[in-house]
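This report concerns only the one structure given below.
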Amino acid sequence: MAHSHTSSHLPEDNNARRLLYAFGVTAGFMLVEVIGGFLSGSLALLADAGHMLTDTAALLFALLAVQFSRRPPTIRHTFGWLRLTTLAAFVNAIALVVITILIVWEAIERFRTPRPVEGGMMMAIAVAGLLANILSFWLLHHGSEEKNLNVRAAALHVLGDLLGSVGAIIAALIIIWTGWTPADPILSILVSLLVLRSAWRLLKDSVNELLEGAPVSLDIAELKRRMCREIPEVRNVHHVHVWMVGEKPVMTLHVQVIPPHDHDALLDQIQHYLMDHYQIEHATIQMEYQPCHGPDCHLNEGVSGHSHHHH
């Protein structure tokens, strides 16, 4: 069995710095919105603070991923500590679902018994929240040519949260102009649905990763077909297992090949193929000269299992 590795590049310091600044801005204004929501009586502000919590958590996980990716693996933790960010994402997703349910429940109560809402204060805080989101987005997007995945994902989170702040501003304007307070719980429910969408996606992705599911973006049947088609010596690919450790995909696979003139060169070619086409830096490849026999040979097999090249 042959083990192939390539050294992964550590995240740049300015990625971590940008994440840290954006985290500070977002977390700070989230607290302002929570306090403002209670003082003004606005549920829409509290819902937007819940939405900001999704951003704060996304930024925190991105920061943790940067930190943990720098910590070397140990004898006990051979993959390092990257899975901790997945566990944190799972806990965060559940917390967000609970927060959303509580806000929707409170919104329904407010339809039955409306409460006064301080429109002016609500407006001021919602505008400040919008500016904070714009600042966070600029911090993350500015100089993103390094294309760090964590930073790009966090920027998308913040962009989504702009909608929450806009919603709170609309509710505040309606209350200031018309005094119609039901605008507040209506907008808070709409913002809660945005939070629930983010939370559901986070929950689904983190559960898939914790259960060692293959990355959603990777089509294993297509990978097997392409390897058989594009590497002439490869006749069959089977026993493919792919899972994620943090952001890094890890793969093991068996490859039936025509006996090569240079075993190591072919191994190197397969390794580089996986890295160039699928960004898989860590693959354990078992090369075989005989067809696979046994009940597990057709595991995760599409049509690819029967692709052969005749030479």
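Each Cβ is built from the backbone N, Cα and C atoms, and glycine gets one as well.
Database features (Swiss-Prot):
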TOPO_DOM  1-18  topological domain 'Cytoplasmic'
TOPO_DOM  40-45  topological domain 'Periplasmic'
TOPO_DOM  67-87  topological domain 'Cytoplasmic'
TOPO_DOM  109-119  topological domain 'Periplasmic'
TOPO_DOM  141-157  topological domain 'Cytoplasmic'
TOPO_DOM  201-311  topological domain 'Cytoplasmic'
TRANSMEM  19-39  transmembrane segment
TRANSMEM  46-66  transmembrane segment
TRANSMEM  88-108  transmembrane segment
TRANSMEM  120-140  transmembrane segment
TRANSMEM  158-178  transmembrane segment
TRANSMEM  180-200  transmembrane segment
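Distant neighbours of the transmembrane segment (19-39): 45-46, 48-49, 52-53, 55-56, 59-60, 62-63, 66, 118, 121-122, 125, 128-129, 132-133, 135-136, 139-140, 150-151, 154, 158; these residues of the same chain sit at least 6 beyond its ends, with a Cβ under 8 Å from one of its Cβ atoms. The stretch in 46-66, 158-178, 180-200 that contributes the largest number of Cβ pairs under 8 Å to the transmembrane segment (88-108) is 180-200. Long-range contacts of the topological domain 'Periplasmic' (109-119) within the same chain, counting only residues at least 6 positions beyond its ends with a Cβ under 8 Å from a Cβ of the stretch, are 39-43, 172, 175-176, 181-182, 184-185. Mapped onto DSSP helix, strand and coil, the topological domain 'Cytoplasmic' (201-311) counts 45 helix, 29 strand, 37 coil.
In the topological domain 'Periplasmic' (109-119), the DSSP tally of helix, strand and coil residues is 5 helix, 0 strand, 6 coil. Shown for the topological domain 'Cytoplasmic' (67-87): DSSP residue counts in helix, strand and coil, namely 9 helix, 0 strand, 12 coil.
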